Amino acid sequence: MTAALSVDNLWKIFGASADKIIGTPDAELSRADLKAKTNCVVGVKDVSFEVAPGEVFVVMGLSGSGKSTLVRLLTRLIEPTSGTVSLNGMDITSASASQLRDVRRKQVSMVFQHFGLLPHRQVIDNVAYGLEVRGVAKKDRRAKAAEIVELVGLQGYEKSYPDQLSGGMQQRVGLARALAGDPEMLLFDEPFSALDPLIRRDMQNEVIRLHRELGKTMVFITHDLAEALKLGDRIMILRDGEIVQIGTPDEVVAQPADDYVKDFVSEVPKAHVLTLKWVMREPRPGESMDGPALPVSTIVRQAARAAIASDAPIRVMDGDTMVGVVDEEDIMRVVVAEEES
Amino acid sequence: MTATIAPSAPKPVEPGAAPPVEERKSLSRWIPAVAILGVWIVLWSFTNGTSTLALPGTSRTGLHDSLTEFQNDLLAGRSTNPVMQFTNAIADALRSAVEWLQRMVVLPNFPRPVPEVGWLGIVAFATYVGLLVANWRIALLVAASFLSFGVFGYWQDSLDLLIITGISVLLAVLIGLPLGVLIGTNRRANQVVTPFLDFMQTMPTFVYLLPIVLFFGIGPSAAVVSTLIYALPPLIRIAGFGIREVSATTVEATDSAGQTYWQRLLKVQVPMARKTIIVGLNQTTLAALSMATLAAFVNGPGLGKPVLAGLRINDVGTAFVPGALIVVMAVMLDRTTTAASERAEKVARGGGGNPRVRQGLIIGGGVATLVAIYLSRTYVSLAEFPTYTIGDRVASATSDGVDWFTDTFGGATEWVKDLITNQFLNRTQALLADSPWWLAFAAIAALAFVFGGVRAFISTVVCLTGIWYFDLWHDAMITLNMTLVATVLVMILAIVFGVWMARDRRVDVGIRPILDAGQTIPPFVYLIPVLALFGPSRFTAITAGIVYAAPAAIKLVADGVKAVSPTTIEAGRSTGQTTWQEITKVQLPMAKGSIVLATNQGLLYVLAMTVIGGLVGAGALGYDVVYGFARSEAWGKGLAAGITIVLLGVMLDRITRAAAEVRRDDGPTTRRAFNVRLPIGPPR
């Protein structure tokens, strides 16, 4: 199966004659040193990863880590300095202007932090904009847009103007606009950072629902770890434009690649993220083996009740084979460790 | 295709890194400035009156005569010089366009004894246009304005002025909109065009009339060309600005949908900038009106002519009625374009009233207009505006009123005039103009260095050298002095009223409309009442300059002070500061950028006005220009004076801009304001 998105050795350096830096020893300098030496700023540094079809791939990092630059490189809203980006096997980096336009029109849509809506157009025409630039007839595109407006729960607001809507509703319009072209992939650039927490939670749930219903591949940029853990199938952590770690949420929490990531995940309620895989152990000799069986992917928190209720340890199963056991004490250790930290 | 994101400004240091290098706080600029002034005064006391390069009002130098010679040669070779042939062809085309329109609406179209369309038709048509683009209130305003043109006896001059303004605005739109789009979308084009726009806007209006006459002759063609040159920059600038200001996120978001260049331009950038572009159109229209009025100097048709005739003989009564009609016209054009933009906004958002009613209005109004046009073509009494004596009566009443005023309050106005002239104007003039030229040169250059740094110093030296070269040093110093004194007074007004307006909403609401109105009135008109009050003198020109420049400066300061973050003010208040401390320690320092900008604008406005003031006894460079218009043998001197004025303007502009740029605490608003410097009128 080809990857939906494949990125190889992607670089972005801002500044004059930036392309001359890659391949020289200067490229190995830290961001601050390079800035001091050449007055160029590294946005994205030698990044490679793949995203499988239907996957939700979260890119996470603090501000200035290069994540927003990275997502713009994917459809060349910013031109990469070097490296390749392939979508379903098609090389984006060498695509002509019209090929690129076609990709943007049909394959990849993007949702932006500050919405980027057209203030002089009604909701319905904002949603239909992507279809309009493709040349879809007015009637058809409005019909399609009306469907999508309903899908994101904005029915009744078709004729409103963006400035009449709350931030959360505006972002729903942004989401609808991205969905209207029926793209294979959605890119989200910190879409919910500008929203207040309750609305943000609603919108996250909305994305989860849409992903379940439509099954699109998603690349999701965020600086919020909780959001990353909640949405991501896999998480990529960036710092100063470089990949620090790529892994599933529980991997990132259980095995942080370095102190930077460790610091990041230290506040995460581990019992809510870790699966039994990370807390199970070999059965001790003489331990009772008639406790309940749970799959290895069970989240620790969900296993807690069973562990307390049972005298015997839980048997952790990978399919039909038992891979380890977990008892009440093992689970308590995760929960208590957290409270102490 | 791609949006570029420039590397961001230096980031604040992160925890753990070394603290940023402490910036050396440089000496306050006022200390060296005062020192220079002190040295200047000391040296002046030994040398004053020597080497002042004073040139009596009617005498000329060899340079001036050779400039006149140059003009004569150009005129003599008119039929062979390709440049002249080209400009003459343009002039012919413009003249015939103006004359054709005149025959349509104001002059007899031979063999008809009257124009094609008579006054009733014109009034009906104008009212109909007002109704179409705006609403019935505007339509009434338009009808009343047009009727007043006729009733007060200036029907032809008024329509002539409208014709000149209209053709110029049309050309400005045809040239300016594409250029505006270009500089709005292309950064390099913007870098190329901006210095030209800067230069065009620094140049006092009065100055380019002389060369224009050389290339385009006098009359309607020169009027249209000079008006176009004056009215073009604001449109280009504001349109470009509007397009550049379109939210980058929106452009990026729509780019990500795969739009083409033209889709981006026509569906995103232009619609989102539409409101700003219409503001530009409004500005351009008012600028055109004010320049078309001044074009009376080059025999341009219109209401400027009777005003000029009145001012030339210091007859306030004669100038008053046409001057008032210019104001009426300015208000009419301003209100109509503004209301049209408001209406366009409403229509774009699905408003604009019941379409059925609207359709009825369009058809009914159209039929009524056609009937009125037909009638005005058929009956002479509806073609030629009847003569009323009310205009003359108002003129003589004004004269009487002015006489009465002068008799009654002459003492008081004289006292104010003498006070300012003797205590203020004469003293600084003595220093500037009676110093030997090399002393004034060195002192001004040194001050430029202190306030604007090396770049301002270089510009200043270049400009002063040019002024020296053109043999009008003494006159230039007198004009510079008037400009500086008036600007100081403008800034005092600006800071007092600006702060007051910013701190008290009611004051703002009360004063702002007056300032707005003040900015819509062409500068020429200001001279009339000021002349009535103070008679012909330097002081009159300065007062007119203050009246002209103050509204813009006050508004800039008010907006700057108002833009100070409420959080900062709140934080200051929480420390228990007094109101005075709040103004002097928080609001004014944070609005510094706006204050410098207001000074920059004030200087240029005042300079423009003191030059026009040559007409009402201000003397110096303004007089030299007027003299150059009047006497063909003095043309060269007039041109030299014009160039000297430009050099003064460029010098003042460079110094104040550089002064603004060396400040690091400048907010983006100031930078932005500098980018859209408006010659007249409020940015709405």
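Just so you know, glycine gets a Cβ as well, placed from its N, Cα and C.
Under the heading region 'Disordered', TrEMBL lists B:1-20.
Here TrEMBL flags B:30-47 (among others) as transmembrane segment. Sequence-distant contacts of the transmembrane segment (B:30-47), counting only residues of its own chain at least 6 positions beyond either end whose CB sits under 8 Å from a CB of the stretch, comprise 431, 434-436, 439, 443, 446-447, 450-451.
The transmembrane segment annotation in TrEMBL covers B:117-133 (among others).
Within the chain, the transmembrane segment (B:138-155) has long-range Cβ neighbours (under 8 A, six or more residues past its boundaries) at 106, 119, 122-123, 126-131, 303, 306, 321-322, 324-325, 328-329, 331-332, 335-336, 339-340, 385-388, 390-392, 394. If you look up TrEMBL, you'll see B:138-155 (among others) marked as transmembrane segment.
Summarising the annotation, TrEMBL assigns domain 'ABC transmembrane type-1' to B:158-337 (among others).
Taken from TrEMBL, the feature transmembrane segment applies to B:161-185 (among others).
If you look up TrEMBL, you'll see B:206-232 (among others) marked as transmembrane segment.
What TrEMBL lists as transmembrane segment is B:316-333 (among others). Here the transmembrane segment (B:316-333) has long-range neighbours at 141-142, 145, 148-149, 152-154, 157-158, 161-162, 165, 285-286, 289-290, 293, 303-307, 309-310, 391, 394-400, 402, 517, 520-522, 524-525, 528-529, 531-532, meaning same-chain residues at least 6 beyond its ends whose C-beta is under 8 angstroms from one of its own.
The transmembrane segment annotation in TrEMBL covers B:437-470 (among others). Within the same chain, residues 29, 32-33, 36-37, 39-40, 43-44, 47, 51-53, 63, 476-477, 640-641, 643-644, 647-648, 650-651, 654-659, 662 sit at least 6 positions outside the transmembrane segment (B:437-470) and bring their C-beta atoms closer than 8 Å to a C-beta of that stretch.
TrEMBL lists B:476-502 (among others) with the feature transmembrane segment.
Under the heading domain 'ABC transmembrane type-1', TrEMBL lists B:476-656 (among others).
Sequence annotations record features per position, and here TrEMBL assigns transmembrane segment to B:602-623 (among others).
TrEMBL lists B:635-655 (among others) with the feature transmembrane segment.
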## Note on the structure
Under 8 Å Cβ-Cβ from the transmembrane segment (B:117-133), and at least six residues away from its ends along the same chain, one finds 104-105, 139-143, 146-147, 150, 155, 159, 336, 339-340, 343, 361-362, 365-366, 368-369, 372-377, 379-380, 382-385
### Message
Given a Cβ distance threshold of under 8 angstroms, which distant residues of the chain, six or more beyond its ends, lie next to the transmembrane segment (B:602-623)?
### Response
57, 201-202, 204-207, 294, 308, 311-312, 314, 472, 475-476, 478-479, 482-484, 486-487, 490-491, 494, 523-524, 526-527, 530-531, 535-538, 540-542, 544-546, 548-550, 552-553, 641, 644-645, 648-649, 652-653, 656
#### Entry: Beyond the flanks of the transmembrane segment (B:476-502) by 6 or more, those residues with Cβ under 8 Å of it
424-425, 428-429, 432-433, 435, 440, 467, 508, 511-512, 538, 541-542, 545-546, 549-550, 553-562, 583, 587-588, 595, 598-599, 602-603, 605-607, 609-611, 613, 618-622, 644-645, 647-648, 652
